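J.: Have a look at the structure that comes next, please.
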Ligand code: FNR
């Protein structure tokens, strides 16, 4: 089967993954309005391409908090990679390193942080944190990540509780017994309820800053009010995200929310986006509206499901090449030439 675009990997994953794993990856909250809107919203944005601008030499590199990556697409944190491929997050880390981009490893990884960093030494890794009710557990994770050379701490802000994902409830989803949340082993027994702390507030950013020198990136911001609070609390980056539509259903598509967040932060921190990126032209639209980089969630899992590390590299390569082609056809030879002038919102 020729894998030409990301939908080909989606179709493969749907056909070959066990239903319970496919449903878990695909799930959105409630009736999946926001999940689907993340994708539909790109269709309402059109390019204003420019012609006759020498695009013979393309430069698609960018920097994330000062570190260069080969193209502006990284891997968003998603849990349970062993559901997609036996080597799990180790394969993800290898693929990200091979393509010279950033991988954000989830608190809910099925490999340890040590295994992830050993699989791809020197790779650009950020660690995504869910704050645990037992703060000692979170403190230990943050400090372990820093000691292992992870270069950023991503605090996920949109999951005080898990959204209601209907198929997971119907399927009675849980991890198969041979897979473990290896970074939290033992930690679940400490808590009788959900181990995640719904009492987290902005003040906890100060607590995190007291634990680590790592830059803090806050994930799950959708409004200008929260973007301003993030800047005021001294974070270094914001990921505009609605958790792939898995949390609050009925919120905006991330590409629509991006505009007000970018306006609010006025260049004081880097702004990234995830949600619904399925084509290189989506990446170009997000950059035109002010994102420094985008991250992919589900497409990375489809790549893993196809052929592990190689499959994920294929997904990243396709996105990279589509992005580069879209840039050239829109008249941009370097990412520094991409700007707001390049897109317009359709009236519909
Ligand atoms: C996620 N996401 C997520 N986010 C996070 O901060 N920590 C996590 O452990 C997870 N786990 C997770 C599992 C699965 C199966 C999915 C689909 C998503 C959200 C993820 O980081 C990202 O926000 C979305 O996946 C982006 O949307 P797309 O690219 O999947 O459309």
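Cβ from N, Cα, C; glycine included.
Automated prediction, rather than curation, is the source of TrEMBL annotations.
Pasting the feature list from TrEMBL:
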type	residues	note
DOMAIN	1-348	domain 'FMN hydroxy acid dehydrogenase'
BINDING	77-79, 106, 128, 130, 156, 219, 241, 274-278, 297-298	FMN binding site
BINDING	165, 243, 246	glyoxylate binding site
ACT_SITE	243	active site, proton acceptor
J.: For a Cβ distance below 6 Å to any atom of ligand 1, name the binding-site residues from 79, 165, 241, 243 that qualify, or say none.
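T.: List returned for ligand 1: 79, 241, 243.
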J.: Could you give the maximum C-alpha to C-alpha distance in Å for the residues 165, 243, 246 that bind glyoxylate per the record?
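T.: In whole numbers, the farthest two Cα atoms are 12 Å apart.
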J.: In terms of Cα spacing, which of the binding-site residues 79, 128, 275, 297 are within 10 angstroms of residue 243 (glyoxylate binding site)?
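T.: Of everything listed, what lies within 10 Å of residue 243 (glyoxylate binding site) (Cα to Cα) is 275, 297.
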J.: 10 Å Cβ neighbour count around residue 277 (FMN binding site)?
T.: 29
J.: Cα-Cα separation of residue 297 (FMN binding site) and residue 246 (glyoxylate binding site), in Å?
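T.: Computed Cα spacing between residue 297 (FMN binding site) and residue 246 (glyoxylate binding site) is 12 Å.
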J.: Identify all same-chain residues not among 165, 243, 246 whose C-beta atom falls within 8 angstroms of the centroid of the glyoxylate site's C-beta atoms; report them in sequence order.
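T.: Checked against the 8 Å cutoff, the neighbours are 27, 28, 29, 35, 162, 163, 244, 245, 247.
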J.: Could you say which of the binding-site residues 77, 79, 275, 297 has its Cβ with the most other Cβ atoms inside 10 Å?
T.: 275
J.: What does the structure give for the C-alpha distance between residue 241 (FMN binding site) and residue 165 (glyoxylate binding site)? Integer Å is fine.
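T.: The separation of the Cα atoms works out to 17 Å.
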J.: To the nearest Å, how far is the Cα of residue 128 (FMN binding site) from the Cα of residue 246 (glyoxylate binding site)?
T.: 17
J.: List, in sequence order, the same-chain residues at least six positions removed whose CB sits under 8 Å from that of residue 246 (glyoxylate binding site)?
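T.: Residue 246 (glyoxylate binding site) has long-range Cβ partners 27, 28, 29, 35, 162, 163, 165.
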J.: Please classify the secondary structure at residue 243 (glyoxylate binding site) using three-state DSSP.
T.: helix
